[in-house]
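All remarks here apply to the structure that follows.
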Amino acid sequence: MQFSTVASIAAVAAVASAAANVTTATVSQESTTLVTITSCEDHVCSETVSPALVSTATVTVDDVITQYTTWCPLTTEAPKNGTSTAAPVTSTEAPKNTTSAAPTHSVTSYTGAAAKALPAAGALLAGAAALLL
């Protein structure tokens, strides 16, 4: 009688833990904006405008939603200081290519595998207990 009580409790615990699935969802959409970068040197500051990639992450912990936004400036080639001699270049005119940015959407999700396997383990334990009775 005592062993069947333990097996019943194990089966109930396995079913209850199956309800605690963990799901993670990721949504991506590329977005750019212009940012102003201020650089200071020797008490003299200068501002430059640069395109930047905008990233936003939303994190929910214990029903508290926190949103993080970052702006990552995209690299641009700046002229290097110093002297240089350019090699002669011969070129032919190539057709102009134009590109336009389009938003990219992707969604992925993951459900915790351990939460799915635990009820099966509880059922196996309950079945083994029933065989031993």
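From the backbone N, Cα and C atoms, a Cβ is placed for every residue, glycine too.
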From the candidates T36, T60, T75, T90, the one which Swiss-Prot records as O-linked glycosylation site: T36
Site from T48, T58, T70 that Swiss-Prot describes as O-linked glycosylation site, others unannotated there: T48
From the candidates T33, T76, T111, the one which Swiss-Prot records as O-linked glycosylation site: T33
Candidate annotated in Swiss-Prot as O-linked glycosylation site, out of T32, T98, T104: T32
Cα-nearest neighbour of S28 (O-linked glycosylation site) within the listed glycosylation sites, T36, T38, S46, T48: T36
In sequence order, the glycosylation sites (S31, S46, T48) whose C-alpha falls within 10 A of T38 (O-linked glycosylation site): S46, T48
Residues that sit under 8 angstroms from S46 (O-linked glycosylation site) by C-beta distance, when 6+ apart in the chain: T38, S39, C40
By Cα-Cα distance, the member of glycosylation sites S31, T32, T36 nearest T48 (O-linked glycosylation site): T36
